[in-house]
Amino acid sequence: MSILFDSNETIYPFPPKPRPLSAEAKQHYRSRIKTLLRERNAVMVAHYYTDPEIQALAEETGGCVADSLEMARFGSTHSASTLLVAGVRFMGETAKILNPEKTILMPTLEAECSLDLGCPVDEFSRFCDEHPDRMVVVYANTSAAVKARADWVVTSSIAVELIEHLDSLGEKIIWAPDRHLGSYVQKQTGADVLCWQGACIVHDEFKTQALKRMKILYPDAAILVHPESPQSVVEMADAVGSTSQLIQAAKTLPQRELIVATDRGIFYKMQQACPEKTLLEAPTAGEGATCRSCAHCPWMAMNGLEAIANGLEQGGRAHEIHVDAALREGALIPLNRMLDFAASLKLRVKGNA
């Protein structure tokens, strides 16, 4: 069973686009960032959806480019005393929850996520209280307060496996906040899932009819889709998965052309994984009134070179993540469950190899 919680659709105001930098300015900030990372004993942790030059800098300086699960793992095991998280705010909060002794800096604390914004803790807590017989599973794209209200935190890379596990134990589920991913895992597992009505502003814009027209132009291309996309788009896919799973699919699929329905920031690592293949952006209807994000998260785009340099140099209120101690303790429980479950999955996969 899958029921959608009926909340009002919200149009979120987007941040202004970062000012473009000259080649000389970019080189200045890259050099400054490298120096500041050394001086602060810091390491960069960047998400796949940040701009290519940010991902390249993270790699060049010994940092990490990954999905949110691997970002969490990397930050927990690295020896640096400071983590510079290039992503959105919930990623910085997660890093602080898992590493309270470390300084967590972000280029800006105003980098939001529509899934986080669409799941306010007071409203969500009331919803959970109305269904006390259900296990509460929340996506990593949520605030520390929402995580603290949950029994489990999950990323898209292990969502199906976790819901299968809970279903095998006879659990009924509350899933939040992404309605498309919740619907996808329900269909994959047959579990009893009650979905909160949230959506990613990037993936929600992929259009079935436009994708069909693109497939006519590229009939031999494979279609890769993130499960935060609408069901009708997911049903057209040759491969469905998280960011890391889509990169792996790009490597292993035989097709030489790939239509990719996720944030175009992923193209940097995906092209590294299969340089011989042609990557094509799935249509969102193009620039203009019919698309707002146009396949790139506007908050991820806030993680520019200038902002990163400022974050490392200035720190303080505008850049440092703090999480209340009691809230951290509450959120750490479901986060550790996620990490332990993910580790057990890896062991099981190795055991079956």
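Cβ from N, Cα, C; glycine included.
In sequence order, S156, D178, H180, L181, A199, C200, V202, H203, D204 constitute the residues six or more apart from E228 (iminosuccinate binding site) in its chain with CB-CB distances below 8 Å. Taken from Swiss-Prot, the feature iminosuccinate binding site covers H47, S68, Y139, A140, N141, S156, H226, P227, E228, T243.
Under the heading [4Fe-4S] cluster binding site, Swiss-Prot lists C113, C200, C297. Mapped onto three states, the DSSP output places C297 ([4Fe-4S] cluster binding site) in coil.
Of all Cβ atoms in the shown protein chains, 25 besides its own fall within 10 Å of the Cβ of C200 ([4Fe-4S] cluster binding site). Sequence-distant contacts (6 or more apart, same chain, Cβ under 8 Å) of C297 ([4Fe-4S] cluster binding site) comprise Y49, V88, C113, I201, V202, D263, G265. The Cβ of H47 (iminosuccinate binding site) has V65, A66, D67, S68, M71, A86, G87, V88, M91, G265, M300 as same-chain neighbours under 8 Å, each 6 or more residues away in sequence. Long-range neighbours of N141 (iminosuccinate binding site) (same chain, six or more residues apart, CB within less than 8 Å of its CB): S68, V88, F90, C113, L115, D116, P177, D178, C200. Taking the centre of the Cβ atoms of C113, C200, C297 as the [4Fe-4S] cluster site, the nearby residues of that chain (Cβ within 8 Å, site residues left out) are Y49, V88, S114, L115, N141, I201, V202, H203, D263, S293, W299, M300. With a cut-off of 8 Å between CB atoms and residues at least 6 apart in sequence, the same chain places L115, V153, V154, T155, S156, A159, W175, A176, P177, D178, L181 near Y139 (iminosuccinate binding site), listed in sequence order. Among the record's iminosuccinate binders, H47, S68, Y139, A140, N141, S156, H226, P227, E228, T243, no two C-alpha atoms are more than 17 Å apart, and one pair sits at exactly that spread.
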